[in-house]
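Quick look at what TrEMBL annotates:
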{"type": "ACT_SITE", "residues": "H222", "note": "active site, tele-hemiaminal-histidine intermediate"}
{"type": "BINDING", "residues": "G57, S58, G59, H60, K110, D115", "note": "substrate binding site"}
{"type": "DOMAIN", "residues": "10-337", "note": "domain 'DhaK'"}
{"type": "DOMAIN", "residues": "373-574", "note": "domain 'DhaL'"}
Amino acid sequence: MQPQKKLINSVDSCVDEALWGLVRASGGLSLLTGHRVVVRSDLQSLKGKVALLSGGGSGHEPAHGGYIGAGMLSAAVAGGVFASPPPTSILAAILSLHNAGASGVLLIVKNYTGDRLNFGLAAEQARNHGVTVDMVIVAEDCAFDRPSKAGRRGLCGTVFIHKLAGALAEEGCSLAQIVSTVTEVLKGIGTLGVSLSPCSVPGCLPSFELLPGDMELGLGIHGEPGIKRSKVSSADEVVRTMIEHMTNPDSQSHLPLQSGDTVVLCVNNLGALSCLEMSVVTRAAISCLEDRGVVVARAMSGSFMTSLEMAGVSLTLMKADQEVLRLFDARTSAPAWPNLSSISVSGRSCVTEAPVMSTKPQDDTQNEGPLSPVMRKALEKICSTLLEKQEELNSLDRAAGDGDCGNTHAQAARAIQEWLQGHVVPGCPGRLLSALAGLVEEKMGGSSGALYSLFLTAAAGHMTEGRSNAAAWAAAMHAGTQAMRRYGGADPGDRTMLDALCPAVDELMKLKTAPPAEHMAVLQKAVQRAVSGAESTRDLTARAGRASYISADRVTLPDPGAVAVAAIFTAVMETLQTGN
């Protein structure tokens, strides 16, 4: 198996270049010379306040450098990918904060042996330099029922501690006060992850193998395997399983959670889930918690502590009272902290009533008129013609599209046939055109449905109760065609349905001045121009629609949309010629 591809320059330089990318893009951050340490650009603002330092292996971005700013971390130290940073860099960061005038330095460390050792060593060295230092270890992993001596791992709950401790430090609280508060809050934080794929450190093979369709529950943020492997199920089921495991009182690492408790929820992308999947999981998590009687006060969803390109998600729950929420809501300039609303997620109405819309005629408001019988006959003829041509249109469409042009026209034809069986055809042509516009919009689908609906909607406005003569029909057809061109972006010559429609409508415009005796001749000429326009598309290069993406030498048949338009015009003419 080959190492996964990465968009990097080299394995050796990727961490340093990533840190430079973060700092160059963020006005409030800078790098400590000679070390992989990101610090606040305004270190002088720390004078007299507690400074916060966190960090660990790289590959968890935006953790930890993205959480540096007023109201969160003062600095972050980075190791290699998934590797604890060296004590010399941690000490350099501590001394920089101390030299800036900080009253003390709090180290926020995830519970991994390497991090504990290296941050602990740096803390002891800093004390020998006269620095007031303390350490909080985050160990909120809920995966293991019986944790080993190493204890529970530190996961995305670390970011909550960054936020709360940062707010307290910004307010001027003492080091002892901050440690006391976050230590208490840590008792009410739990995290559990699930993944659909492993990840791979640059230059290395994937951290573990996971067959397609399998998922791993309870894994850590370094690609270390979890506690249980199973088949992927629905998002709702996965989330329910995760929350049940996190809160199972039989587990020594469970988060005690009861109905009536208030929590802050973090839905954390482990690296490669799509935004769509993340939103689905977020909805499922909020619903699952509310079903258990838990109040979700805040919900953050996104990438907060990743594991390179792992396709997975972790859920973090933090029990919260009003003071915790106040600290959580406090402003921060850290670039990776989301701009969350301070309105409680639970108990809020998420629905706004939509306006009542209807493009369909109401049965009790429609009356037949002198034109009703002939319009019904024309519609019936159009529908039967399109159904007869279904396979022909599909065949033409397969040459340059997805082969469903006949199907979409047949869907519209069947919808109109069904409508005709249960409705009167209104005597006002405008009302009929509006009804048809609503039908094709709802039943036809795709761009064809939108185009026909545009045509019919625009045309309907020109056919009022008192205007249904030949000139009005001509104006309506012209308005419909112009609407198609305006919103569809195509023109005659682009090898679309307009190559049949526009010449026919140009001919129909003669109805505005032609005497009644010549009306049928104008219509016949319009039909001829529609048919020849459709045929001419054989020799045109598509410049709009799906066919425009196909090589011109492969498109030698007429455009199916244009053929359909010509068939509709022909059906109308044949109906009128029979004298009905």
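Each residue's number is its place along the chain shown, starting with 1.
Glycine too: its Cβ is placed from the backbone N, Cα and C atoms.
Here H222 (active site, tele-hemiaminal-histidine intermediate) is positioned 10 angstrom away from S58 (substrate binding site), judged by their C-alpha atoms.
Averaged over the domain 'DhaK' (10-337), the predicted model has a pLDDT of 96. When the Cα positions of G57, S58, G59, H60, K110, D115 are compared pair by pair, the longest gap among these substrate-binding residues is 15 Å. A straight line from the CA of G57 (substrate binding site) to the CA of the residue listed as 'active site, tele-hemiaminal-histidine intermediate' spans 9 Å. Sequence-distant contacts (6 or more apart, same chain, Cβ under 8 Å) of D115 (substrate binding site) comprise G56, S84, V109, G154. Considering other CB atoms within 10 Å as the measure, the emptiest surroundings among the binding-site residues G57, G59 are those of G57. Long-range Cβ contacts of H60 (substrate binding site) within its own chain (separation 6+, distance under 8 Å): I221, M305, T306, S307. Within 10 Å of the C-beta of K110 (substrate binding site) there are 31 other C-beta atoms, taking all protein chains into account. The substrate site, placed at the center of the C-beta atoms of G57, S58, G59, H60, K110, D115, has further neighbours from the same chain whose C-beta lies within 8 angstroms: G55, G56, A63, H64, A78, G79, F82, A83, S84, I221, H222. Remark: the residue listed as 'active site, tele-hemiaminal-histidine intermediate' has G57, G59, F82, S207, S307 as non-local neighbours, by Cβ distance under 8 Å and separation of at least 6 in sequence.
In the shown protein chains, 25 other C-beta atoms lie within 10 A of the C-beta of S58 (substrate binding site).
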